[in-house]
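Chemist: Take a look at this one; I'll ask things after.
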Amino acid sequence: MKKTGVMNSNISRVIADMGHMDWLGVGDAGTPVPAETEKIDLSVRPGLPSFIDVLEEVLKELEVQKMYIAEEIKTENPKQLEAIKRTVPNVEIEFIPHSELKKDLKSSKAFIRTGEETPYSNVILESGVVF
């Protein structure tokens, strides 16, 4: 039995399979996940688990070189944006239109759905290398 880190076997598998520049999405309960993208659904009830809790745990295990965030979060959910920035102080952030972020999920290895119900609580993480 795994003792530490992300306990969800599907998340652990996807992270272990990530290569340089692969994408992994993490987001709120309302995000439409493309049929071709694996969905790892963690939602239990509204707000559980939270987007930030899941993101923080994923970031403990995944080397991230870049994060894509919907530009709409700047005006529609600035509190969440500040929380995201605190989790990745040294990672490049690129803001893109929300419609583009949703389309880009087609190229992600997987999408982790949380119970979050606040607007634009979605990111795409681009995997880096550890050497």
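Heads up, the Cβ atoms here are built off N, Cα and C, so glycines get one too.
Copied straight from Swiss-Prot:
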{"type": "ACT_SITE", "residues": "H20", "note": "active site, proton donor"}
{"type": "BINDING", "residues": "D28, H98, Y120, S121, N122", "note": "substrate binding site"}
Chemist: Please find which two of D28, H98, Y120, S121, N122 have the most distant C-alpha atoms, given that the record lists them as binding substrate, and give only that distance in angstrom, rounded to a whole number.
Modeler: 13
Chemist: Please work out which residue of H20, D28, H98, Y120, S121 has the most C-beta neighbours within 10 angstroms of its C-beta, and give that one of the recorded positions.
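Modeler: When each Cβ's neighbours within 10 Å are tallied, S121 leads.
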Chemist: Sequence gap of 6 or more, Cβ distance under 8 Å: name the residues on the same chain that satisfy this around N122 (substrate binding site), in order along the sequence.
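Modeler: Correct list: G25, V26, G27, D28, T31, I69, A70, H98, L101.
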Chemist: Cα distance, the residue listed as 'active site, proton donor' to S121 (substrate binding site), nearest Å?
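Modeler: Cα-Cα, rounded: 24 Å.
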Chemist: Helix, strand or coil for S121 (substrate binding site)? Use DSSP.
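Modeler: Coil, per DSSP.
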Chemist: Beyond the listed site residues D28, H98, Y120, S121, N122, identify every same-chain residue whose Cβ lies within 8 Å of the center of their Cβ atoms for the substrate site.
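Modeler: The answer, listed by sequence position, is G27, G30, T31, A70, I73, N77, L101, T118, P119, V123.
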